[in-house]
Amino acid sequence: MANKAQQPPHLHLAEVTASQFLDIWKHFDSDGNGYIEGKELENFFKELEMARRGAGVDPTNPTFREKMKEFMQKFDKNKDGRIEMSELAQILPTEENFLLCFRQFVSSSAEFMAAWRRYDTDRSGYIEANELKGFLSDLLEKANRHYDEQKLQEYTQTILKMFDLNGDGKLGLSEMASENYNHDVFGDSFQDGNGYIDEQELDALLRDLYQTNKKEVDPTNLSGYKQSIMSLSDGGKLYRGELEIVLCREPIV
């Protein structure tokens, strides 16, 4: 029974559901760092080859390495030598590609935040689990995705499992933002403790980001970035979680 539990799940299927996709992800991202890399990546490719060919493969064979290299050239879009969730959604035949659809909405800041604000009315940066279903329903309708109540419930549970990192039963904006951003810079921008950033503070933040990335400040570009970001604000205010989504999903410097 223990051996069965350790078997990689669902790779043999012609199409995987949203929850099955998450099972696969958690199985191979064994250290939970958000990437399939190193030995995890080798194991994933080996098991994927076995599932597709219906036969064993030998990782020590030079042809295995060559095939793995070709595989990464095709699917490792950002060429960082590892597979992230959006790339896995392209590899696996995911039902309705729901997870990729959700990721695309996260990266489309204007539409995403318009939907988010309808539910995060107190600007806490969180949506309660019982509100998440309505939020996802709005996103699916915008994407012209057909779904029934059972699928909507499955998607809701899957998104919670993916992004509710602290297990509090809420979906947080900051939980969806990249962990690679300079949170010290964010902290400096919110020093007044009011929970949001205004246009003047945004100007200082952007200059800090230019300096952090060792780039010269272009006044024209800076003004354009600032205007495009503030156009997503709520009455001239951008709350921390919202700002992280904008900057982390659409890097500007």
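Cβ atoms here come from the backbone N, Cα and C positions, even for glycine.
Annotation source TrEMBL lists domain 'EF-hand' at 16-51, 63-98, 107-142.
Across the domain 'EF-hand' (107-142), DSSP assigns 26 helix, 3 strand, 7 coil. Summarised as a single figure, the pLDDT of the domain 'EF-hand' (16-51) averages 89. With DSSP classes pooled into helix, strand and coil, the tally for the domain 'EF-hand' (16-51) is 24 helix, 2 strand, 10 coil.
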